[in-house]
Amino acid sequence: MNKEIMSRVLKKRLADPKVVQYVWAAIEVIRNQKQIANMDRISKYLSRVFGMHPKETARQLSLAVKDGLVVETLTVGCKGSKAGIEQEGYWLPGEEMDPKAEGSKDWEAESHDWYCFDCHLPGDVLMCDNCFRVYHLKCLSDECKPRDGGSQWQCVVCRGSKKKNLNKQEMSKYLRFIVQRMKERAVDLNKKGKDIKHPMYRRLIHTALDVNNIHENLAEGKYKSFDEFKADAQLIVHNTSILYGVHSDQAEIARLLFSDTCHELNELLLCKTCFYLSNARPDNWFCYPCSPSHDLVWAKMKGFGYWPAKVLQREDNQVDVRFFGHQHQRAWIPADNIQDIKVSVQQLQVKRSSGWKKACEELEVYQRFLKEGRFWKTKTDDSSSPPHRESLRQQQQQQQQQQQQQQEQEEEGEEEEEEEGSSTRMDRLERTEEAESSISSTSNEQVRHLKGSQEPKAKKSRRTQMLEPKEEASDPEPEMEAVSSSQEIPVSSVLQQPEKLSVSTQTKKASGGSPRTLHRGTQTNSDSVCQNMCHEKYTKVFNDVKDMMKADNKRETERVVREALEKLRAEMEEEKRQAVSKAVAGAQAEMDRKCKQVKDKCKEELVEEVKKLVAQHKQLISQTKKKQWCYNCEEEAMYHCCWNTSYCSIKCQQEHWHADHKRTCRRKR
């Protein structure tokens, strides 16, 4: 490898950070027992609690001392069998007896991380000239490695952060959905605190970061690109792997969190509008066209018929689509199962179920929005197109009109009393003039005629009131307040009015006074009765309408909240199930790996033991074959008789001689 490149490589730390935490725990326990934390006690503790071999403990402890993460001192024993004897003792950094010990404060002034940002392990690392990250040369791809030792070298994260994707407002608008999901999934990652709760945290973690810090950075607008946001999510994985170990459950959760974040960012880069609408979920969110709009197709999944869908992306012979309908499911479909949306339904031979019909209705709404140019725009979007500004202005005007209508309906009961009095007086003055023009007496037929002429006018005014509430407020002489027969007025009061009219007209002719003045005096009681009854009736009607609207609004709010809670609960259960299943799978894989290691080790030990036993047995057999044995009692023989017979004693020789051997003995006598 190039010597110039190797000159940039530094050896920052050597000890495994996970083992260093084991050593710290051992030192704390031993020190709490008022004992010196020497090599023997630390080795026994790590062997008993964490199953570490004493040789590995000694090696890691010496590396930790070199890294300045453990302080080695000479301490004199003050009790027990080693009282007055100097022995090596180990202390936590910051608690050593000599505060000026080497490396006690070096970690505070360190500008770069101590562990590789890719594999999270110590060793010979290459430092980035723009940020705090370091990498092993073996962890870098060929295109990311430095070309020479003179020029500045930037890591992968710094190279990607140069791209500026969106402005700060748009970044915050999109990324807040991802941060919210990260908060929900990162509950178990922050159990170990920072400086106050865990003082040794900063000696391992160079740049502390959690999801709350990411949320604060997003709120302050510190992210200039999606790669910077992604790098912070990856930093959580880095810190978690250092604290808990690369193969720990917490690191697996952090990697899962980072994987989900990368997936969300890919979806955001694929289509910003789809990403925003699928998370914000406004009304008809799936019906708003994107810019540029997606292709519409008929897509067919295996086991189903053709279904309307949007094309999100194409890759080789596969098409990524999202279906119209209630679930808005997404799938990769082979290109052979895709038909253009212009193909007629009769050619597709589709089974028209209720779900398919709803999907087609949603497709029609989408096509109508696309034809009208109704694209979704938020406040942060660039509203440069006049049609869009006009549509927004129309929507705002409609909302203002609805609010004014509600206010006018609430205030109408109060305004009605004044309008009612003026309108009834004007109508009755006109009718009085007509009565004065004819001197004939007012019979019951004239009363019925007068009563009938008032009815249609009043009914028409009621319809006008309900359909055009704004116009009646500006009308100087509203027709709706005319007295009609639909109002529950006693018949006697109506019949008495023409008699009073006739008397007043005759008196006026005789005296020559003003007829209108006398007529107003006779109408006071009937006017007040009509006003009171109209006010009571319409106040009751408006109160009923108001209560009905409140009840409908309450039911709709409860329904929306209930649906949102059910959806969130289902998503939470699904995410919880996935996290648990992945954690269980990871634990099972780790257990299988450990079991395999133990089995292999036991098998090796068994083979070695069998080899030793076989060798011992061969040696014993060889020694046994070289000896002679008593033919009678099978003890080691001392007396030779003949070619295959020996005895251990004279007694055995005599017993065997008289019993059998004297007939078969071949020794020459």
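Even glycines carry a Cβ here, placed using N, Cα and C.
Automatic prediction, not curation, is the source of TrEMBL annotations.
These numbers come from a predicted model, not from an experiment.
According to TrEMBL, the features are:
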- 11-87: domain 'SAMD1-like winged helix (WH)' (DOMAIN)
- 113-161: domain 'PHD-type' (DOMAIN)
- 199-251: domain 'Bromo' (DOMAIN)
- 293-338: domain 'PWWP' (DOMAIN)
- 377-526: region 'Disordered' (REGION)
- 377-392: compositional bias 'Basic and acidic residues' (COMPBIAS)
- 394-407: compositional bias 'Low complexity' (COMPBIAS)
- 408-421: compositional bias 'Acidic residues' (COMPBIAS)
- 425-434: compositional bias 'Basic and acidic residues' (COMPBIAS)
- 446-458: compositional bias 'Basic and acidic residues' (COMPBIAS)
- 483-496: compositional bias 'Polar residues' (COMPBIAS)
- 551-627: coiled coil (COILED)
- 630-665: domain 'MYND-type' (DOMAIN)
Work out, from DSSP, the number of helix, strand and coil residues along the domain 'PHD-type' (113-161).
9 helix, 7 strand, 33 coil
Return the stretch with the most CB pairs under 8 A relative to the domain 'PHD-type' (113-161), choosing among 11-87, 199-251, 293-338.
199-251
Go ahead and report the DSSP secondary structure tallies for the domain 'MYND-type' (630-665): helix first, then strand, then coil.
15 helix, 8 strand, 13 coil
For the domain 'SAMD1-like winged helix (WH)' (11-87), what does DSSP give as the number of helix, strand and coil residues?
44 helix, 11 strand, 22 coil
Please list, for the domain 'Bromo' (199-251), how many residues fall into helix, strand and coil according to DSSP.
35 helix, 0 strand, 18 coil
In the domain 'PWWP' (293-338), how many residues does DSSP put in helix, strand and coil?
3 helix, 28 strand, 15 coil
